[in-house]
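Heads up: the structure comes next, in structure tokens.
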Amino acid sequence: MKILVLNCGSSSVKYQLFDMEDESVLAKGLVERIGIDGSVLTHRPAGKEKLVRETEIPDHKVAIRLCLEALTDPHYGVIKDYSEIGAIGHRIVHGGTFPHSVLVDASTKKAISELEVLAPLHNGPALRGIEACEAILPGTPQVTAFDTAFHQGMPDYAYTYSLPYELCQKHLIRRYGAHGTSHQYVALRAAAIVGKPLEELKVITCHLGNGSSITAIKNAKSYDTSMGFTPLAGLTMGTRCGDIDPAIVPFLMEKEGYTPAEMDQVMNRRSGVLGVSGLSSDFRDIEAAMAEGNDRARLAWEVFVHSAKKYIGAYAALLNGLDILVFTAGLGENSIAAREAICRDMDYLGIKIDPEKNQVRGQEREITAAGARVRTFVIPTNEELMIARDTLALVQA
């Protein structure tokens, strides 16, 4: 069966078409700048030259139609017609308390819409993508895979905030986490490499990018995770502040006269390594500036590293030990310096990496030093494949 996986953002659509016979990627692509000037489709079929098409793309329906036209194009296409697509899997950032992927029906769409308040940049566009597929490919089964689903295995004491219980119940306030599909994929892959069931392993996965989260995995379930009610919590990130004293929020609102929306912008868009460095939200820029002696870049870097080390140590305590540590996502897969800095002076936990093995970017590799108790890996994430697998399983059930 061929499965199309879609990831609809506020102004973009990413797609991959899988042949599930061998889980190969037949084509992948990206539509950018939906609804704004300069919109473009970049289509990359396996074994063929890429197609770049600049055209007006006013909405997600037009964007998805362009993706499908590229997939069936006489020269750049990889399928003859739409009927070859057996099912469609959608990445949904916020799934509330959905514990697993589900087939799309009216109740699923209603839930995604109601949860838009918790992920305004993501759930709305994803819902528009689902509705576009219903219009263009009527009758084709659709599946929603939720970034939050893997974290629904957390015990209640891990996801509960110590605010008035009634307020939390009324407003659905709890730890939801994010990047769940990525954390689950790399944990399963690491378990496969070491040749043991994930249920028997204590694992910490580090999804490090512009948005970062760390997850403790026990009995093959998420036991705790750094992101919380929203993806603002946890580590210092590219533009997000991560964990701060909550009293800072009303303090700044009073001192600076910020509205709630303005305060949200400060924490989500103007903070993190961008806010500390005053330079950039891109960790590559931070590394380069630090090498040139920029002290605020150094400070931003060290604040980030400190926050990551703190979560790894805390989660090793919660797990009562550690078997596997995994680095993934843009920074985790590609920054030699970030992995080295985070793992430095962690030998008391059994974590020690080999400097030569660590010279890797974007490739799967074990980087454990000889004699280290904890096995450390770099594993490129593959959320799309996880979504495709879930989609296939639900459609065939």
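The backbone N, Cα and C atoms fix where each Cβ goes, glycine too.
Computed from a predicted structure; not experimentally measured.
Swiss-Prot annotations:
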ACT_SITE  Asp147  active site, proton donor/acceptor
BINDING   Asn7, Glu383  Mg(2+) binding site
BINDING   Lys14, His207, Leu208, Gly209, Asn210, Gly211, Asp282, Phe283, Arg284, Gly330, Leu331, Gly332, Glu333, Asn334  ATP binding site
BINDING   Arg91  substrate binding site
SITE      His179  site 'Transition state stabilizer'
SITE      Arg240  site 'Transition state stabilizer'
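Shown here: features listed in Swiss-Prot, placed on the structure.
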{"residue": "Asn7", "record": "Mg(2+) binding site", "DSSP class": "strand"}
{"residue": "Lys14", "record": "ATP binding site", "DSSP class": "strand"}
{"residue": "Arg91", "record": "substrate binding site", "DSSP class": "strand"}
{"residue": "Asp147", "record": "active site, proton donor/acceptor", "DSSP class": "coil"}
{"residue": "His179", "record": "site 'Transition state stabilizer'", "DSSP class": "coil"}
{"residue": "Asn210", "record": "ATP binding site", "DSSP class": "coil"}
{"residue": "Arg240", "record": "site 'Transition state stabilizer'", "DSSP class": "coil"}
{"residue": "Asp282", "record": "ATP binding site", "DSSP class": "coil"}
{"residue": "Leu331", "record": "ATP binding site", "DSSP class": "helix"}
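For the recorded positions listed here (Asp147, Asp282, Glu333, Glu383), the lowest count of other CB atoms within 10 A around the CB belongs to Asp282. Taking the recorded positions Lys14, Arg91, Arg240, Arg284 in turn, the residue surrounded by the fewest other Cβ atoms inside 10 Å of its Cβ turns out to be Arg284. Just so you know, of the binding-site residues Asn7, Asn210, the Cβ with the fewest other Cβ atoms around it within 10 Å is the one at Asn210. A 10 Å radius around the C-alpha of Lys14 (ATP binding site) takes in these recorded positions out of Asn7, Asp147, His179, Arg240, Glu383, in sequence order: Asn7. A separation of roughly 7 Å, to the nearest angstrom, links the Cα atoms of the residue listed as 'active site, proton donor/acceptor' and Arg91 (substrate binding site). When the binding-site residues Asn7, Asp282, Arg284, Glu333 are screened for a C-alpha within 10 angstroms of the C-alpha of His179 (site 'Transition state stabilizer'), no residue qualifies. The Cα atom of Glu333 (ATP binding site) lies nearest to that of Glu383, taking the recorded positions Arg91, Arg240, Glu383 as the candidates. Within 10 Å of Glu383 (Mg(2+) binding site), as judged by C-alpha distances, the recorded positions found are Arg91; the full candidate list was Arg91, Arg240, Arg284, Leu331.
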